[in-house]
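**Student:** This is the feature table in TrEMBL:
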- 502-517: compositional bias 'Polar residues' (COMPBIAS)
- 21-480: domain 'Major facilitator superfamily (MFS) profile' (DOMAIN)
- 481-517: region 'Disordered' (REGION)
- 21-42: transmembrane segment (TRANSMEM)
- 129-149: transmembrane segment (TRANSMEM)
- 161-181: transmembrane segment (TRANSMEM)
- 193-214: transmembrane segment (TRANSMEM)
- 221-240: transmembrane segment (TRANSMEM)
- 288-313: transmembrane segment (TRANSMEM)
- 325-343: transmembrane segment (TRANSMEM)
- 363-382: transmembrane segment (TRANSMEM)
- 389-412: transmembrane segment (TRANSMEM)
- 418-441: transmembrane segment (TRANSMEM)
- 453-475: transmembrane segment (TRANSMEM)
Amino acid sequence: MTYTRWSPSIARGGPSRRAALVPARYILAVLGSIAMAIIYGLKVNLSVAMVAMLNHSALAHHGASSVEAKEHVNAEPVCQGSNSTEAVEDGPFIWSEPVQGIILSCYFWGYLVSQVPGARVAESFSARWVMFFSVLINVVCTLLTPVAAKMHYVAMIVMRIGEGIGGGVTFPAMHVMLASWAPPNERSVMSAIVYAGTALGTVISMLMAGVLAGTLGWESVFYVMGGLSCLWMVLWLWLIQDTPTKQPLMSQEERDLITSSLGSGSSGGHNEPKPPVPWRKVFTSAPFYGILIAHVCNNWGWYMLLIELPFYMKQVLQFNIKENAVVTAIPFLTMWFFSMALSKTLDALRSRGKITTTIARKTATFIASAVPMVCLLALCYIGCQRGLAVTLMTVGITAIGGMFCGLLSNHIDIAPNYAGTLMAITNTAATLSGIIVPIFVGQITHGNQTIGAWRVIFFVTIALYVLEIIAYLLLASGEEQPWNKGDKPASSIEAAEAEATPLNTKESKQSYNGQEQ
């Protein structure tokens, strides 16, 4: 893969010549990453902003008797930090912990119902437009959030459900795009670039939300972040198409590279309709269940840290709003760098034949579960050592970045024709974690915002990480499954492959000769 130098002749050339300066597939990956950053940024900003939106004094008064009762039986209710008196000014809303949990979790009610329909639309019609409307819905709901909050918390729930409906289709739609654009030997890197946007969006959102809420007020969090996201929609429609064959802003060399590596008429384009989803074979596939179980368990840990971490920092470690935003965001920045390095390393080892795709996926997923599991276990016993707690959380969240080139890339490996649908199925099941986690934490910490309560929460998460490691190591595979060709008899598949092989070989040779010339 080479980059063309700029020259006056190129500047006078057509769009495809100018696009050769930067590979079109990496423009897709970067814009896809920004899209994921927007979706996750608009999702998690409420976790930080809510700390400034709540009237903590009134809530503490309502729960004082309950807390006092528990302090008699718990020797370590909260940490006494030097910054506990520097908390942000109370906001206008008196939402109890259960209500807070419902508001945070209702995002996933919409997220839950939209994924499979969104995946089928993306696979059958246009993943590009599905992604566009996903971001558009999130932007509109975000801009309306301050008005909704002042009306009633039920209106907040409606806005969050709307954001969830838009956010739910992003992973399936991006899987469809990657299946059409990513050559197999670059799949880990491109997937990591795209999905690491979730970490980058989390970092930017938490930092911006903390600064905006602490200086301009909590309403500015939603107005500023929603407004800035509009620029992406213009760039996406201008620069991105569904497949390389439809993309004018790219070189013919790159187009041939992608289509020949993916195979003519398969994942490389939408020239031929994909066969119907072989549902029976999908739900009797061991590698599929390996991804499914790992996705559900890993998402529990992911959402535990993504949604609830600001509350742990506030309730137990006694960080104020600005410190909370910085300390919570830093681990997601290190996660972004780690995921890039790990994906590049694994792809390099695969391309040299040192490891198989299966080994690469299992290695990345093991790192993404074992390391945070150990960190959470240590966090249960360090008490109020704030510096050590921040270090452990940073290491644990950083390691979760392995899931981007691990289990989240695995759907494309086993069935590129149905990557969007498979992602929708596993992500729908994994979304249950996002619904349960805030409610679970809200119930455990209601009137009991203590280290002991959070210890129970962390042990449940550790148990699910153990289940993920065992299931994925035993069941997962990086090899394409026979049912990727559709619900056909094995003899029909073999005949189709035999017929297609000479054509693909010939096309590959022509493409190679053309590149040499």
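From the backbone N, Cα and C atoms, a Cβ is placed for every residue, glycine too.
What TrEMBL says about a protein is an automatic prediction, not a curated fact.
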**Student:** For the domain 'Major facilitator superfamily (MFS) profile' (21-480), provide the mean pLDDT of the predicted model.
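**Tutor:** Reported value for the domain 'Major facilitator superfamily (MFS) profile' (21-480) is a mean pLDDT of 84.
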**Student:** Which range out of 129-149, 161-181, 418-441 gives the transmembrane segment (221-240) the most CB pairs under 8 Å?
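**Tutor:** Between the candidates 129-149, 161-181, 418-441, the best contact partner of the transmembrane segment (221-240) is 129-149.
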**Student:** So what's near the transmembrane segment (288-313) in sequence-distant terms, Cβ-Cβ under 8 Å and 6+ beyond its ends?
**Tutor:** 44, 47-48, 51, 104, 202, 206, 282, 319, 323-325, 327-328, 331, 365, 368-369, 372-373, 376, 393, 396-397, 400, 403, 407-408, 410-411, 414, 422, 425-427, 429-434, 436-438, 441, 445, 454, 457, 461, 464-465, 467-468, 471-472, 474-477, 481
**Student:** Taking pairs 6 or more apart in sequence, does the count of Cβ pairs under 8 Å between the transmembrane segment (453-475) and the transmembrane segment (129-149) hit 3 or more?
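**Tutor:** In this chain the transmembrane segment (453-475) does not contact the transmembrane segment (129-149) - fewer than 3 Cβ pairs sit under 8 Å.
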